[in-house]
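Copied over from TrEMBL, here are the features:
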- 14: active site, charge relay system (ACT_SITE)
- 59, 60, 167, 184, 258, 259, 285: urate binding site (BINDING)
- 60, 167, 184, 258, 259, 285: 5-hydroxyisourate binding site (BINDING)
- 259: active site, charge relay system (ACT_SITE)
- 285: O2 binding site (BINDING)
- 287: active site, charge relay system (ACT_SITE)
Ligand SMILES: O=c1[nH]c(=O)c2[nH]c(=O)[nH]c2[nH]1
């Protein structure tokens with residue numbers, strides 16, 4: 001039977017690989033907790049079209065390799081480098097695998113401060129936000145010409161301010177019921193992601209040794225010469241600055257709208273991180289509605305007297321934008 005359809009895209013692997021790793025030093029221990037997704041692309045169409053399992057590296061093996069790298073990779077504490085290392089291995093080891101997609105979601109474990117001193121091996125979950133990195137290792141130009149594409153960010157960073165936010169002078173027509181607010185609650189769960197300029201990766205000289213050659217910048221990838229902050233893969237540094245600038249701008253901006261505050265966050269993030277090409281923010285506007293108590297003769301509606309609010313789960317606004325560096 002002649003076929004009227006074909007596989008036009010295929011990618012498979014293991015999702016939600018939960019990894020916790022301890023790195024022990026003499027007087028201090030470091031821990032990370034990751035949820036890893038490792039997906040592969042390549043010459044795998046026959047596994048779909050002809051039930052040809054010979055091209056399938058089992059997702060169980062992909063899981064085992066992820067744990068093996070969690071044990072052996074010198075980059076385990078740095079999610080960008082760890083993901084690049086793992087992805088480089090898949091495309092280097094398997095001839096028919098041309099791309100690896102590794103996503104690492106990092107959960108927070110901060111040191112407990114005992115009388116102000118960070119404890120060497122006791123930690124607490126100091127926030128529900130996650131640090132996320134998505135790495136593509138692309139070997140389509142050749143196994144010796146690997147390109148790493150990295151997008152990282154933060155999700156679920158829940159914030160609220162009880163003042164310092166207004167929303168006025170918006171478009172008005174017959175559908176408008178919203179009352180302009182000069183002082184309102186602003187709350188959002190920040191999702192943000194930023195894209196690094198792509199880099200060339202040198203494949204490991206000896207795949208069994210699993211050493212990771214230091215990535216070098218791709219010529220013409222838009223990275224300003226000598227302009228890298230803390231080296232090309234200072235992923236942890238960028239993530240810390242992104243979190244700080246987001247929280248600082250959120251707190252201190254006299255917000256005219258979610259849109260205007262978003263733009264200020266993005267502008268500063270790009271200004272502070274010279275190898276970030278663009279940043280995307282996604283900000284739900286989580287509404288808090290003052291409770292109408294007029295039936296009790298109580299004013300809880302006029303701005304100065306609005307003190308009791310009903311947090312509204314849905315609907316929420318949703319404000320998104322991508323802000324991109326202008327190449328000078
Ligand atoms: O900051 C805001 N941006 C909007 O686009 C919007 N729309 C709305 O109803 N309230 C708000 N607030």
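Heads up, the Cβ atoms here are built off N, Cα and C, so glycines get one too.
Secondary structure at residue 167 (urate binding site), as computed by DSSP, is strand. Close contacts with ligand 1, defined as a Cβ under 6 Å from any of its atoms, occur at 258 among the recorded positions 14, 59, 60, 184, 258, 287. Counting Cβ atoms from all protein chains shown, residue 258 (urate binding site) has 21 others lying within 10 Å of its own Cβ. Mapped onto three states, the DSSP output places residue 287 (active site, charge relay system) in coil.
Annotation: 184 carries the greatest number of neighbouring Cβ atoms among the recorded positions 14, 184, 287 [cut-off 10 Å, Cβ to Cβ]. Among the residues 59, 60, 167, 184, 258, 259, 285 said to bind urate, no two Cα atoms are farther apart than 52 Å. Residue 184 (urate binding site) and residue 14 (active site, charge relay system) are 44 Å apart (CA-CA, integer value).
In sequence order, 319, 321 are the residues of the chain that are 6 or more apart from residue 259 (urate binding site) and have a CB within less than 8 Å of its CB. Site extent for 5-hydroxyisourate: among the recorded binding residues 60, 167, 184, 258, 259, 285, the largest C-alpha separation is 52 Å.
In this view, residue 59 (urate binding site) is surrounded by 16 other Cβ atoms within 10 Å of its Cβ, with every protein chain counted. For residue 60 (urate binding site), the number of other Cβ atoms no farther than 10 Å from its own Cβ, over all displayed protein chains, is 9.
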